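Step one of this worksheet: look at the structure below.
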Amino acid sequence: MVANGEQQKQDLNVEEELLQDSDCCGNGCTNCILDHKPRPSKRVLLAGKRNVILSYTKFRLLRRETLESEAESKTGGQVLLLHFGHAPEEPGAGTEDDTVLDIPPGHHVMLRIGSLLRPYSPYWSDFQAKEFRILVKLQAGGPMSRLLAAVQPNDLLEFRGPIGQYAHDASTAKCIYILAQGVAIAPTLPLVRQVLENEEDMSRVWHLVCARDLRHVYFREELLEFAQYWNYRSCLYLPHQQCASAACQEAGHCVPECLHLRRSLRYKETAKVARLDACGLATHLNASIPGQRLLIVAGDSTFQKTMAQMATQSLALDPANVYLL
Ligand SMILES: Cc1cc2nc3c(=O)[nH]c(=O)nc-3n(C[C@H](O)[C@H](O)[C@H](O)COP(=O)(O)OP(=O)(O)OC[C@H]3O[C@@H](n4cnc5c(N)ncnc54)[C@H](O)[C@@H]3O)c2cc1C
């Protein structure tokens, strides 16, 4: 154990010494690697093991699934599910049992291909098996998107992390509002899971999911599973939802009384054909429920800024309790 502790201290020192300006992807991430250096977590220290991803490490692509093709996407970008597993440098060297993969909820990892760096937010990871999954929306003309469009099972890619600042404290009950935009719903799933799967956690979660329409709501099955818990509520905001009925075609989107939309929703699913705005946010205030109010926003930087600004007023939030992923 002492040896492992020493090893971890050395690993940490090496990370801190080696971190340079060139380790930043330059995209202006809210949680830049230079401000939030990958460090061993309490969980890893308790396990007495080393987190394999603390420095750039090879992961093998185990599965690649197209969730939305370019032709299906109204916004032009293909959506891929990529599942990676740690690829030991020297298979069978006997040291691999000393390692785990720890990517805490709300943290992201950096992908490096040559000198190109881009952050991605895993929505699932396995501590012991050292595997993780990301959902990627390819951006037209984007250099990393071009490379990821071509990756195939068995390809090796390098990742480093975890990077982030969010840490959940389950000891006091909170009201947690989680706002997600498009594919950025992915990194919010572990945040929801960590509250719901802890029976002693009395926090409540409001999961507000913004997507073009129902077809672009990813992980609907997971959301339905979450809905079975007493402390979870969700609402889908679908401004471009439109069925083929004459009334909805004329309105340019499904009308509030649209039967087609109502029939498309599953048990406990709530949807609004509107953008999430200040009034919409205020309907989730639930002022009579006690507990510290906390906001987590996942989406592009414009969405993050707009929502954080609106929500601090509509949900009576202290700006210190706002986390942008
Ligand atoms: C903390 C963090 C976590 C991220 N996690 C994920 C993730 O899990 N999955 C994922 O697909 N992407 C994620 N991204 C975005 C990702 O890092 C890349 O920016 C994206 O894959 C495009 O890279 P690129 O090199 O192809 O294009 P870039 O050169 O980065 O961008 C090409 C064009 O697309 C625009 N663009 C880039 N990303 C977005 C976006 N999300 N929404 C709208 N426009 C965008 C850029 O502004 C630019 O105009 C994350 C970004 C951050 C900051």
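One is the number of the first residue shown, and numbering goes on along the chain from there.
Just so it is clear, glycine is given a Cβ too, placed from its N, Cα and C backbone atoms.
No curator has checked TrEMBL annotations; they are predicted automatically.
Summarising the annotation, TrEMBL assigns domain 'FAD-binding FR-type' to 54-169.
Among the features that TrEMBL reports, FAD binding site is placed at R118, P119, Y120, L135, K137, M144, S145. According to DSSP, L135 (FAD binding site) is assigned to a strand segment. The 10 Å shell around the Cβ of L135 (FAD binding site) contains 24 further Cβ atoms across the protein chains shown.
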Rounded mean pLDDT for the residues that make up the domain 'FAD-binding FR-type' (54-169): 90
Not counting R118, P119, Y120, L135, K137, M144, S145, residues with a CB within 8 A of the CB centroid of the FAD site are L111, I134, V136, L138, Q139, L148
Using DSSP and three states only, what is P119 (FAD binding site)? strand
